[in-house]
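As structure tokens, the structure follows; a few thoughts come after it.
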Amino acid sequence: MSQRYNDIEELPGVSAKLAEKLRELGYSTVESIATATVSELVAAGVDEEHASRIISAAREGIEIAWVTAKELAEIKTNIGRITTGSTRLDLLIGGGVETQAITEFFGEFGSGKSQICHQLAVNVQLPVRRGGLDGSALYIDTENTFRPERVTSMANSLGLNADEVLERIIYAEAYTSDHQILLVEKADKIIKEKNVKLIIVDSLTSHFRSEYLGRQLLPERQQKLNKHMHKLIRLCRAFNIAAVVTNQVMSRPDDIFSTMAVYPIGGHIVGHTSHNRVFLRKVAGKPLRIARLVSSPYLPEGEAVFKITERGVEDVEATE
Ligand code: GTP
Ligand code: MG
């Protein structure tokens, strides 16, 4: 998508003051205004006619870029992959976590979602020949579970300089769902500056779950999550980076006959926009984990066993 306006200040009718206010509310790009509704901007204190003019200008300023299938094929050949640390898990998801897409790891508490995030934040820094993308990671933590010392031990296991690895993980704690949304919306600058190749949101859904309680708020929650996921996917495509999100699942006692008696908290909307969804489960009393590829646009469903040890995410030996 190419744009006539680079900054929201350039839009006719948007003063520096209004731009600042819009940014505070999460409308930091021309694109976000083009996809906003009049009522959203009215709620932000802009009068109706003014809001509709700004939105129209933003929409006119965005040119939809049609590409030929050949060009599309070229874009796809640029897809990069990050190893998870386990060759079997990599194979299950088509050769590692891919750029230009969102990979969602979902599962119960302790199933290894955050461990995989830590490992990927390290592995993305590896050179391409070792399964990395020679880039840095952006880590959005919503549950305050990021542990630098865990990164240190993973980095040491790979023979990397732990200080350098920590230096290339750019961390932010998101305090609310709105804050989390804003962090993603404002990520483009830092992605460029720091050569970010992976953006992690651990967890995608925890704030949404605690803030939007009850059936009544469900549509609003889904709509916000959906928009948030779309922002993420746009970043992935614009910068050829990977996004990894986690999602805790709850058990569903009424569904005991289902092979998967759990369902992702984000429900189906998250499922449709994220491209690869991997369900993780524990094996009682063992460091083993089973990953199941649940939905992917082009890969077959399947399972892979891996383990989480002191060294991080690893393959299971034949004897284990
Ligand atoms: P929630 O965020 O609670 O939903 O869980 P999660 O899926 O993020 O779980 P997480 O990735 O935090 O996995 C925790 C598990 O990883 C622990 O129960 C351990 O089995 C393993 N683990 C975490 N840290 C270490 C470590 O330093 N050494 C070893 N050997 N295992 C670890
Ligand atoms: Mg976790």
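Heads up, the Cβ atoms here are built off N, Cα and C, so glycines get one too.
Listed features, source TrEMBL:
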BINDING   GLY107, GLU108, PHE109, GLY110, SER111, GLY112, LYS113, SER114  ATP binding site
DOMAIN    78-249  domain 'RecA family profile 1'
DOMAIN    256-318  domain 'RecA family profile 2'
Entries of PHE109, GLY110, SER111, LYS113, SER114 (binding-site residues) sitting next to ligand 2, with Cβ under 6 Å as the cut-off: LYS113, SER114
Conformational class of GLY107 (ATP binding site) under the three-state DSSP mapping: strand
Protein Cβ atoms within 10 Å of LYS113 (ATP binding site), excluding its own: 25
Packing count at SER114 (ATP binding site) (other Cβ atoms within 10 Å of its Cβ): 21
ATP site, defined by GLY107, GLU108, PHE109, GLY110, SER111, GLY112, LYS113, SER114: further same-chain residues with Cβ within 8 Å of the Cβ centre: GLN115, THR246, GLN248, LEU280, LYS282
Among GLY107, GLY110, GLY112 [binding-site residues], residue with fewest other Cβ within 10 Å: GLY110
For LYS113 (ATP binding site), the three-state class that DSSP assigns: helix
